[in-house]
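*Asks:* Attaching a single structure in structure tokens format; questions to follow.
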Ligand SMILES: *[C@@H]1O[C@H](CO)[C@@H](O)[C@H](O)[C@H]1NC(C)=O
């Protein structure tokens, strides 16, 4: 019985030729066997065939679909993995950081982009491009153009969350629980600045002049 095979370059074509050889050879091999494992049953492949490859002849592997190489060690990905991705198994790429999608053809931003940000490759690096009122690596920080003063936090675009005792768009207005009297001004929480000649917590006292 003869085989038309080349070590390490065993193609489907030669596989079929070999089958034809088996079927017409008049050997003792069983006929009509479904797939070509009528090859050398004692064949040894060392190192062994990987990924479901079949050892059909000494040191010759017949690889399953999607694999290639002498011991079927390499997976084939079609389309090929893009952007430096590695083919893990047929049709499955492992992507480098910053890339995603079935073929690593999409950029991904670690942690995603929030608030309508868009992940885009900028000079090969994945970055979130934020809408105008958001900033930060994930567009997680709102922008308050007016600023948030006195310990206020910008919680959404243009909106400050103010600490107790402060109000206003920029947390710039102090609150005095009791109104400052006689033209006094509330300058920080519960603190009045009085106009002369007034004094006291609420500017309620008139200083006596001697
Ligand atoms: C395959 O290798 C074994 C030893 O490893 C040897 O005995 C056998 O004859 C070889 N078969 C062929 C077809 O060369």
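Just so it is clear, glycine is given a Cβ too, placed from its N, Cα and C backbone atoms.
Below, the features straight out of TrEMBL:
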type: DISULFID; residues: 45-55; note: disulfide bond
type: DISULFID; residues: 63-72; note: disulfide bond
type: DISULFID; residues: 109-119; note: disulfide bond
type: DISULFID; residues: 130-139; note: disulfide bond
type: DISULFID; residues: 176-186; note: disulfide bond
type: DISULFID; residues: 194-203; note: disulfide bond
type: DOMAIN; residues: 41-73; note: domain 'EGF-like'
type: DOMAIN; residues: 105-140; note: domain 'EGF-like'
type: DOMAIN; residues: 172-204; note: domain 'EGF-like'
type: SIGNAL; residues: 1-25; note: signal peptide
*Asks:* Sort out the sequence-distant neighbours of residue 194 (disulfide bond) for me: same chain, 6+ apart, CB within less than 8 Å of its CB, listed by position.
*Replies:* 180, 182, 183, 184, 200, 203
*Asks:* Report, as numbers and ranges, every residue of the chain located at least six residues beyond the domain 'EGF-like' (105-140) whose Cβ falls under 8 Å of a Cβ in that stretch; write 'none' if there are none.
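*Replies:* For the domain 'EGF-like' (105-140), the list is 82-83, 95, 97-99, 157-158.
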*Asks:* Name the residues of the same chain, 6+ apart in sequence, whose Cβ is under 8 Å from the Cβ of residue 176 (disulfide bond)?
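*Replies:* Non-local contacts for residue 176 (disulfide bond): 186, 189, 190, 191, 192.
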*Asks:* Between the disulfide-bonded residues 45, 72, 119, which lies closest to residue 139 (disulfide bond), Cα to Cα?
*Replies:* 119
*Asks:* On the DSSP side of things, how many residues of the domain 'EGF-like' (41-73) fall into helix, strand and coil, could you say?
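*Replies:* The breakdown for the domain 'EGF-like' (41-73) reads 0 helix, 9 strand, 24 coil.
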*Asks:* Under a three-state reduction of DSSP output, how is residue 186 (disulfide bond) classified: helix, strand, or coil?
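*Replies:* Its secondary structure by DSSP: strand.
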*Asks:* What subset of the disulfide-bonded residues 45, 55, 109, 119, 130 lies within 10 angstroms of residue 63 (disulfide bond), using C-alpha positions?
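*Replies:* Hits: 55.
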*Asks:* Are there disulfide-bonded residues among 45, 109, 119 that sit within 10 Å of residue 130 (disulfide bond), Cα to Cα? If so, list them; otherwise say none.
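*Replies:* Cα filter at 10 Å returns 119.
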*Asks:* Cα of residue 45 (disulfide bond) to Cα of residue 119 (disulfide bond): how many Å, rounded?
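*Replies:* Just about 48 Å between their Cα atoms.
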*Asks:* What is the Cβ neighbour count of residue 55 (disulfide bond) at a 10 Å cut-off, with all protein chains included?
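*Replies:* There are 21 of them.
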*Asks:* Which one is it: of the disulfide-bonded residues 72, 109, 119, whose Cα lies the shortest distance from the Cα of residue 55 (disulfide bond)?
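*Replies:* Of the disulfide-bonded residues 72, 109, 119, 72 has its Cα closest to that of residue 55 (disulfide bond).
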